[in-house]
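Peer 1: Quick paste from TrEMBL:
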- 27-54: domain '4Fe-4S ferredoxin-type' (DOMAIN)
- 56-85: domain '4Fe-4S ferredoxin-type' (DOMAIN)
Amino acid sequence: MKFIFDRIKNGKETIKNPLESNSNSYGKIIVDTSTCNLCGICEKECISGALKININKVEIDHSKCLFCKDCINSCPKSSLKMTNDYKLSYFEELGNEVRELVYKKFNRSLSLRAVDVGSCNGCFLELSALNNTYYDLSRYGVHMVASPRHADGLIISGALSINMKEAVLKAYEATAEPKIIIVLGACGVDGGIYKKGYAVNENISDIIPVDMFIPGCPPSPSAILEGILKLMKSNK
């Protein structure tokens, strides 16, 4: 009854389109080539190795980027700018036959088991936010389940720690075919800031096939949702 009164008083809480442009989101970093003099200061400031200066241009690997803005703040020419384009998810190399099978099986509903392999919990806090009434992930047919045996795939976050390798392999084997694997965050791509740590020897993609990466540190709820819907071929 309290919930009904709350809705009458405040109206609908769920956002109509969580994928609409958001001025508060962080996104791709662009380079103004007309002012950049390739001084190399930004490359020295980048702790994740996402930014490199090759020959006559600045190259940015957004899958490794922590979006800390150290490169932007250090640029003496203010040549680097961050946009609000958060749609950074991308497919790993998949055969067309496999990809079409994924679309056919999961275009209407998807059950995922979340697996933390050694994260700061930032990515899963954003993933958790998708289940609140504001984003309402379930309206897209996407649900989180408690066991990989009940899941269509895994959504994995964190730098793969040595002690979690066996757990990931077991979760992968327990998930029924055809299974999909989604990796969240910069740490999941190549270890992030933990990649030189004593407990991190491999990346997730080194031990199991990954279908989609969703970069960010952490990726926002909208960025995660955009990646999941892209995999389901629903965000046309």
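Glycine is no exception: its Cβ is also placed from the backbone N, Cα and C atoms.
Fair warning: this is a prediction, and the values are worked out from it, not measured in the lab.
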Peer 1: Residues of the same chain, at least six outside the domain '4Fe-4S ferredoxin-type' (56-85), with any C-beta under 8 angstroms of its C-beta?
Peer 2: 21-33, 35-39, 41-43, 45-50, 186, 189-190, 192-193, 213, 215-217
Peer 1: Using DSSP, what is the helix/strand/coil residue split across the domain '4Fe-4S ferredoxin-type' (27-54)?
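Peer 2: Across the domain '4Fe-4S ferredoxin-type' (27-54), the residues distribute as 5 helix, 7 strand, 16 coil.
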Peer 1: According to DSSP, how is the domain '4Fe-4S ferredoxin-type' (56-85) divided among helix, strand and coil residues?
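Peer 2: Split by secondary structure, the domain '4Fe-4S ferredoxin-type' (56-85) comes out as 5 helix, 7 strand, 18 coil.
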